[in-house]
């Protein structure tokens, strides 16, 4: 590489090499090179400055631009050099513009046109001091154009360029392996610091902005005026006559469109959201008046009943506040896939889209059928994304040979399925759901071969299903000696709790291609090592193993996590997420993009609120307007660097106002102090930047060469620190500091596989920060909440993406017992987090977590505790009907109006939420019903099980929820297995029905006057019964009868409670009847 007498150095901000004029002679030559040149924008000759030097707009590449175009570019344009994309700095004599000395996040998107990875501050620092050694000795004396062969794992290659480096680990037997710079030729790596289309003149692009049309017309008019002057003076240099044609180039709008933001926020219309906010404030005021009345008007003859109801109502009010205020700023988002393609997919050039590693996790193939997992994998392999940018990793935590064989057959079928999907652009790309959808598949399909190929593909898929089902039938009968491979070798996973790690690459760089001869995405089977005596941390541990394996084998900068039963329903889902992740303006602080969960196979009425529409269409939109949605465990695209525990890019404070904006007396008072602070800050920044020179061969400071021994010492210390944080794999540590991902192309596959086996060993995480600060966080069965919470505490923000076509679809529990079991697991995880050090009530202060976001996390861990007041409150109607008492005294006109306003505000709040959230009343009502059902059953049991697990150490083991499409074989099993979950709500139903019968009977026997007080108690009891109605329907099931054991236990418990209440009656005054003098003399 010809350096032209200039020094090679590195920019840590852009991760690129630049040329620095190291001596005066070289600087003079570089200036002379510009002499006589014309501005590459307008064609004018570049003028001289007041010091008789040629005007240079960009100090990085010296691209010829005249001062008028430079000032116009800074004032009206994108403020960046057209060639190297470096932001123009203010030159003495030029006016200030908005954005001077501001943070990189606010700079126009041209500067980071190809920089789609994050640049965390201390990640660059780690890359400086530990991953790259600056080199010594013979390197200094090497000629500028010499190629320097360096080791790549196990072999050497001298054909790679020395001006592109990757982090390579040479073989070493000593402690503390060193990391040296080595050439890097990965074609998937995005080009750094170069023009998008070098062969085109810069004038063809114009000036891009959001309002393109207006600003383009102004620019063309001004350019036309300049060209007329040039023509008149004869100074067009042969270019002037063609500029108008270039300005009218039809490709110009396309190129400018590619520079626009890739997404935008769509706030809820003010006509919908403002009344909603006003009503929330009114409801708060009504709530205050309500509690003022309730506290000041006790029920004297049933004081205990009144006090219990007030305590429950206060808890409900606090719970409502925690749930309501995170929905204060709901937003929606819109993506521009065409702009993403224009920006990163140039015709005739390699795709610039970032690679993505997809994680699929499964445990038990008998409860998570292999056919469902196979459909998920097929939908991933057929995704609309460059095949060399996608790698699918399937984690088999059960080490089942059934899963291994099914995945092998899936890889073979993918050779036919993937080209069929891409040829005809079908949706969805999971064959089971594509062939089962009821639609006219001939609609909009004009390809003459489509019908023929579709029928052939359906036959092939039916044969594939037969093979998978045959494997499942065979796996039902396990041999006594265990399974063996085809060559007679025992299957390593015969013992599920004691087996080595296993990795198998089915597709990818092994030479296997589809039927059309095209390359297929990589498909890797992973089963981590398990040994007795090690805590494997269930799903969270499996996901962390996938992070490390993928970092060694492919190291994509972004990760997609899906459950085995959630297939990709929208083939452009990954592109949708990249519109946020790769957006140069706002993408650098995004840690993950969460998609809503949508489900197949749910009945039309959705009696158990399986769709959870209120949460995904209302609550998550509200969180997206604050700091982003919480992570829900599937359908989420992560930034790898965020999972590594790095902090989000810090936002610098904007500079203070200049003297032109402040009064002169203020400048006299504050100018000196501000100047001194600025100097100190600049000195500190310069010192910090000097310590971050990643590719520097030597530090240059005023012509003095500083040896690099101190840098080496810091590198060794940082290397040890990184190994303590990430583990003892030098290859993984090297990959962890690569911000844009990638692995060395010439690395030996055998070496990579050996390293991958090491990082999934059961003892790899010992004495590291895995599960504590890195990856999926341990400590709860709901690791998703903890993982997202830690990222938000590090200052990251997340994004909620709701494309018109659902990105992912999955299967939901189909019967009541499965649904309650699922809710039980979620609630248990929340209780574990509440009782841990990561509880959002006291953890994460001083970080980047916003207050309303903290409210949401607090609500997500506190809601199981609501089961206690909820069950008590649902029991009060029966108590009131049995005792003839009530929770409120005789209602006055004021109290009646207050209660009416309270109920109206609750109803109208729900209506307005449904309006701006796009939720139907059926979904909203089912959500309200299941809140009571889940609170009275699963949440209560989760609360006690969580307390036993955390405080007493009694562990509760759960089985995976069945994902089978047919529930006939499992329905009865689950009903009898989870009997205890059904008893509390059944008991509430029975005692309230008994209370209604007793209350009505008492009113009939006591006459007309007793009907008035009875209405309030009946309304209270019927409110509970109506909310529990889906539970009653669910217990009847297909047999239209309730299991006998449930009926017996519930009636027995209800009878005991009723008799005990009649005997004790604690809410009635203990004294006898109050005798008063009536005023009549009865003795006479």
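Just so it is clear, glycine is given a Cβ too, placed from its N, Cα and C backbone atoms.
Residues or ranges marked as Zn(2+) 1 binding site by Swiss-Prot on the basis of similarity to another entry: 39, 42, 66, 69. The UDP-alpha-D-glucose binding site annotation in Swiss-Prot covers 361, 367, 368, 397, 538 and is backed by similarity to another entry. Look at Swiss-Prot and you will find 539, 563 tagged as Mn(2+) binding site. Taken from Swiss-Prot, the feature coiled coil covers 451-477, and the record attributes it to sequence analysis. What Swiss-Prot lists as N-acetylmethionine is 1. According to Swiss-Prot, the region 'Disordered' annotation covers 230-259. Per Swiss-Prot, topological domain 'Cytoplasmic' is recorded for 1-278, 323-867, 915-929, 1001-1011, 1063-1084. If you look up Swiss-Prot, you'll see 889-893, 951-979, 1033-1041 marked as topological domain 'Extracellular', on the strength of sequence analysis. Sequence annotations record features per position, and here Swiss-Prot assigns transmembrane segment to 279-299, 302-322, 868-888, 894-914, 930-950, 980-1000, 1012-1032, 1042-1062. The annotation zinc finger is assigned in Swiss-Prot to 39-85.
Using a 10 Å Cα-Cα cut-off around residue 397 (UDP-alpha-D-glucose binding site), the binding-site residues 39, 42, 563 reduce to an empty set. Cα-Cα distance from residue 42 (Zn(2+) 1 binding site) to residue 539 (Mn(2+) binding site): 60 Å (rounded to the nearest whole number). Nearest by CA distance to residue 367 (UDP-alpha-D-glucose binding site), out of the binding-site residues 39, 69, 539, 563, is 563.
There are 22 other CB atoms within 10 A of the CB of residue 397 (UDP-alpha-D-glucose binding site), with all protein chains counted.
Checked against residue 563 (Mn(2+) binding site) by C-alpha proximity, the binding-site residues 39, 66, 361, 368 yield 361 as the nearest. The binding-site residues recorded for this entry are 66, 361, 368, and the Cα of 361 lies nearest to that of residue 539 (Mn(2+) binding site). Sequence-distant contacts of the transmembrane segment (868-888), counting only residues of its own chain at least 6 positions beyond either end whose CB sits under 8 Å from a CB of the stretch, comprise 294, 297, 299, 301-302, 305-306, 308-309, 311-313, 315-316, 895, 932, 935-936, 939-940, 943, 984, 988, 991-992, 994-996, 998-999, 1002, 1013, 1016-1018, 1020-1021, 1023-1024, 1058, 1061-1062, 1065, 1067-1068. Looking at the residues that bind UDP-alpha-D-glucose per the record, 361, 367, 368, 397, 538, the two CA atoms farthest apart are separated by 16 Å. Same-chain residues with CB within 8 A of the center of the 39, 42, 66, 69 CB atoms, the Zn(2+) 1 site residues themselves not counted, are 38, 40, 41, 43, 44, 46, 65, 67, 68, 70. A mean pLDDT of 52 is what the model gives for the topological domain 'Cytoplasmic' (1063-1084). Under the three-state DSSP scheme, residue 538 (UDP-alpha-D-glucose binding site) falls in the helix class. Taking CA atoms as the reference points, residue 69 (Zn(2+) 1 binding site) and residue 361 (UDP-alpha-D-glucose binding site) are 55 Å apart. The local packing around residue 361 (UDP-alpha-D-glucose binding site), expressed as other Cβ atoms within 10 Å of its Cβ over all shown chains, amounts to 23. Between the CA atoms of residue 39 (Zn(2+) 1 binding site) and residue 368 (UDP-alpha-D-glucose binding site) there is a gap of 65 Å. Its Cβ taken as reference, residue 538 (UDP-alpha-D-glucose binding site) is surrounded by 15 other Cβ atoms within 10 Å in the chains shown. Residue 361 (UDP-alpha-D-glucose binding site) sits 58 Å from residue 66 (Zn(2+) 1 binding site), taking the CA atoms of both as reference points.
In this structure, the C-alpha atom of residue 368 (UDP-alpha-D-glucose binding site) lies 66 angstrom from that of residue 66 (Zn(2+) 1 binding site). Beyond the ends of the topological domain 'Cytoplasmic' (915-929), by six or more residues, the same chain brings 268-269, 272-273, 276, 330, 605-609, 611-615, 617-618, 621, 1026-1030 to within a C-beta distance below 8 angstroms of the stretch. For the binding-site residues 367, 539, the greatest number of Cβ atoms within 10 Å around a candidate Cβ is found at 539.
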